[in-house]
Every structure is written in structure tokens, then in C-alpha cells.
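Below is one structure; the comments refer to it alone.
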Amino acid sequence: MSSPVLSIRGLTTEFVTPAGVVKAVNDVSWDLYPGETLGVVGESGSGKSVTAMSILGLVQSPPGRIVAGEILFDGRDLLTMSARVLRQLRGSQIGMIFQDPMTSLNPVLTVGQQIAEALQLHDRGLSREQARARSIELLTMVGVPNPEGRYDQYPHEHSGGMRQRAMIAMAIANDPKVLIADEPTTALDVTIQAQVLDVLRTAQERTDAATILITHDLGLIAEHADRVIVMYGGKVVEVADVLSVFAAPRHPYTLGLMTSLPRLDVELERLDPIPGSPPSLIDLPTGCSFHPRCRVSKGRDVCRTQVPPLYEVGGGQRAACHFSEEVPAEMAVAARAMGTDAGNGAP
Amino acid sequence: MRGTAAHIVRTLLLSLITLFGVSILIFLMLRVLPGDPARVLAGLNASEEQVSRLREQLGLDESLLTQYWGFITGVLQGDLGESARTSRPVTAEIAVRIPATLILAVVATVIGSVVGVAAGVIAAVRRNSFVDHAISSVAMMGVSMPVYWLGLLLILLFAVTLGWLPAAGSAEPLSIVLPATTLAAFSTALISRMTRASMLEVLGQDYIRTAEAKGAPPRTVIIKHGLRNAFIPVLTVISLQFGALLGGAVLTETVFGWPGIGRLLVDSIAARDFAVVQGIVLVYAAAFILLNVIVDVLYVVVDPRIRY
């Protein structure tokens, strides 16, 4: 594989709150390679979005602060560079698509102005007319009908799907090397989701940007990602290519995510959720932070006392579990309970 | 825009009813005030005969309905009657005073808006810093200090001690500095508090994060993306303050001997000069309505989501 376009090493981001220090991202490391789509999954509060905000340098401080780690982009550390240099990268080299297109666009500026601004911020020489022409091109690319007319409309005159297309146009305006999509379809209608994802995929192919797709939707990951990172309690618990993860997850949490999904092919009385609730990031469980909810641990001491590192489990797959070799057997149990074959675990 | 034009016409038509109501209210309120205007005008030494002659002259011996009819038909013809004190037309009395009041209100509003918005934005951007607390303290003083007290202090410092500015009157161009500053103190404080609160809310919005993610520098984020959104509620406060300054500058005008309409109103009330008081109140009401229409139009300009 070629060298990564983005490398995160030991990233730790905290928030200081009256109740205590929240470790939102806790010693996270991963690489993003050119052209790939990296899926980042995990439930709310697992640190997915904070990781993205840390990359862009947009963690509000106070209360947030990045206390350790480095984020290497093209060999340069984003965390130590000056605000000015980082600003030049934001929106040009690294594009970002946010979750809620209803609130992410400025209500008093036209959609076109906001796309043109993204262009002009990074190309001072660009005239108004050129920026307009290029913005209309971008709107066309993301499948906005009547782009000339849409250019002069305000966000409130656009539907959610149209707004998210505009957000994508804005994010890819400067052909970024890295595109971060943070729950890009969560706020949209199901019928619109597929269209927006198609647009995202097209945009990504045109710009050849490496994409970080942050989501809690495993279906989205299965369809769009090349590799997967599973986060839990601010830590990476499993890394693998998408096929391996769905065929043979090696972390009990990943397995739990998969078995708790509703399925079309099996008649189920009820879903099989992960017991318990997400951990408090102020007061994480000792050892493996997943152990209170884990069905593999079975109360073994090591789970309570030692933090498992990300073990290599073969085929480039890594899992932060002391007993990752027991997970496939557990999966077979779960599959039998559902009456299906474990090998075709993909939802 | 067509909707906006229709809205303006509708508002103005409706305001005629408001003005009619105002005319009745002020007419009746003056009539129930204790004190006989004829007696006040005639002076302490006047005989009963003189007083009743004066009363007849002023039409005060007629029924309320007849008096009101005379007043309102005059108004509809642009005639607000005659001042009982000076015997000059009320319209002329008001016309002489309006420029002084208007210029004072405009200058004070401009000072209040510019300084208040700037202070509010700085306080919001540097929230909880020393600067923020300093601005809050000064604003608190501005809100709580009575204008006559502030006015006297300013006169003492800048006119008496330093001798930089005229203490009273309106003869010199610089005369306006002290009364306008005094009058602006309260508005500035109010506008800065409003701007700060509104900016804080806006700066937490998702679209601010979008602007930052685009690589916009802080100034662009704060002014272009922040202030334009935060300005909408501030505009309301500014317009209300301007309206209040038009009518409420009585104390400032008195302290600084400023020949505005506020003093004319107070003097006329004291002298029971009914025609002048009625005229001024009607003009105030009309000005307020006009101001509201102007602000309605400004909303459309500032916020594209607002359409009538």
C-alpha cells in the first residue's frame, strides 16, 4: 500500500466540564490511504465526531483541548502548525460535510454565495464571475436541478437533500485530498439518503479524495467503505477491511453491533441489543472499557484489570480484546440463535 | 417584494385607526387633568370675567364632543390648532422644534448602534475575559445611571473643568456632543448587551462551524457569518431606542438647554396648552408608526427568510 495521506497517532482529546474531565478521544491512532473510504463506526459518544473535529482543528477550546498525539497530513503535524496555515488546509485540502444540512448552511447568505466563498477563500485571484461559474458547475455535478436558479436561492428555499448536495459541493469545491463526511445522511429522509450517498460517491470519484465516512449505520459501511474502524468509549477497538469485519468480527462490541441489527432475511421476535449503556467518558470502567457489557469476557479478571492493546489478529485485522479468538465462536452462537449461517453476516 | 409593498400599505391603513384612537385618548386625558387652562393662562391676578372670556375664546365652554369635532376636523385638514400661549399655529411651533430633536436622536442612535454593536461583538468573541467583564460593568453603569446625573457630570468635566465643549444651548456645532453622548449612554449599554447575547447564540450555530471548516479567517466568520445573523434582534432594539429617543429626551434637553420637542411638550403640559400637547402626541404616534414600517422593510433586507 502507498503511504497514508493522513496519519493519526495517539490522539487524545478531552473536554473539561464541571462534572469532570471527559476523555472523548483516548489514544486513538489510524491511517487513511489515498483514494480509500474509511468507515468510522460507533455509537453516540464513542469519539467519532470529536476525532473529525480534532483533525480540522475545530474543537472548541475551552472546554475542549487536545492533550496528546499528532495528526500528520502530507507529513506535517496539523496540531502544531499555525492557525493560519491550518486555515489554508481547511476547506481546500480537507473538506468536511456535516450531519445536519438544515442548520449547517448560513440562513442569510444564498447557497451560491456560500459555495463561491469556499472557492474564493482559497483562490484570491478568482473573480466573482469565475467563482459563480465554477459554483454552478459544482451544483450541476452534485445533481442539483436548475443550478443557475438554485445558486441565487437561500437555504430555506431548498429541501434537506438539496442542501446536503450543496454542502457536498462546498466540501469538494477545492478538490480536497481528504473528505470527511460526518453522518452525512442521518438527518435526511430514507429515500433521499441513497441519492445523497450516490452524489457523495460520484464526488469522491471525481476528486479522488480519500474519504472518512463517520456513521453509526453499519449498512452504510457495508456498502460504501473499504476499511472500517470501530470506536467505543473514545478508543479504537477494531480495525479491518470491510469484508473481514462483516465476515468475522474479532471484537465483542463489533459483534454486538452486528447482532443487534434488524434483518430482512430472518423473522425475529425481537432485536438482540448490547446489554447496558455506553460508558461514562468521565469515569471509564477499568481495564477494557467494554467489559461490563461484554458477553465474551464472562467475568474474567484480566478484562477488568488490563487495558487490551490493539492486537494483530491476522489479515491486517486488529482488535483490542484479550480474547478476540473466542469471538467467532460467540458469533456462531448468535447466528444459531437467529437460525442463520454465521459466514454471511453482512447485513 | 410585492408582498412587502402590500404589507406596508396595509400597515399604514391600519395605523390610521391607531392614530384615531390616540387622538381620542390624548384629548380626553388632557380634559381630565386638574387645573383650568383658562385660569392658568390668565394668570394669578386675573378677574373671573377675564378668565371666562378667555375660556370662551379658547372654546373650552363648549361640549367635549364639539371640541373634539373641531380638533379632529382640523387635524384632517392639516391644522393642529393654535397655541394658547403664543397664539401661533401648533404646526409651526412643532416644526421649529423638530429638527433639534431629530438631529439629537439620530446622532445618539448612531453612537449607540456603532459603539454598542462593536462592544457587544467584542464581548461575545472574548467572552468571560477581562474585556468582556469590563464591557459588562460599563454597560451596567450606562443602564443604571440617570441621564440628568450623567449629563451634569459630563458638563462639569468637559465644559466647566476642561472647557473643551459648550455646556448648553445649540448655537455651536460642537454643542451636540454632550447631549448626544448623554442620551446615547443608555442605548449603547442596552444595544451592547443585546448584541452580546445574540452573538453568543449565533456563534454556537452549526453554520459558524461550516464557515470555519471552509477555512474562513476569524474576521469573516464573526462579521459575515456571525453578525449578519445576530443583527436581526439587535435591529429591533435599535429601532425601539430610536423611537424612545425621539420622544423621551426631555431630561437631556432640559439639562443641556436643548431646544427640542421634549421640552416644548413638558412646558405645554405645565401651561395646559392643550392644542400643542395634542399636536405633539399625534406627531409622536405617527413617527412611531412610520418607524415601525421602516424597520419592517429593514428586516426583509437583513433576513431573507422574512417575507410579508
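From the backbone N, Cα and C atoms, a Cβ is placed for every residue, glycine too.
Curation plays no part in TrEMBL annotations; they are all automatic predictions.
The transmembrane segment annotation in TrEMBL covers B:12-33 (among others).
Positions annotated as domain 'ABC transmembrane type-1' by TrEMBL: B:98-299.
The transmembrane segment annotation in TrEMBL covers B:102-125 (among others). With a threshold of 8 Å between CB atoms, the same-chain residues lying at least 6 positions outside the transmembrane segment (B:102-125) that come near it are 131-132, 135-136, 139, 176, 179-181, 183-184, 186-200, 203, 222, 226-227, 230-231, 234, 238, 241-242, 245-246, 249, 252-253, 258, 260.
Note on the transmembrane segment (B:146-167): residues 174-175, 177-179, 181-183, 185-186, 251-252, 254-256 of its chain, located 6 or more positions outside it, place their CB under 8 angstroms from a CB of the stretch. The transmembrane segment annotation in TrEMBL covers B:146-167 (among others).
Among the features that TrEMBL reports, transmembrane segment is placed at B:173-191 (among others).
Beyond the transmembrane segment (B:230-256), the same-chain residues lying 6 or more positions past its ends with a Cβ under 8 Å from any Cβ of the stretch are 101-102, 104-106, 108-109, 112-113, 117, 120-121, 124, 146-148, 151-152, 155, 167-169, 175, 178-179, 182-183, 186-187, 190-191, 194-195, 198-199, 201-202, 262-263, 265-266, 284, 287-288, 291-292, 294-295, 298-299, 302-303. Residues or ranges marked as transmembrane segment in TrEMBL: B:230-256 (among others).
The transmembrane segment annotation in TrEMBL covers B:276-302 (among others).
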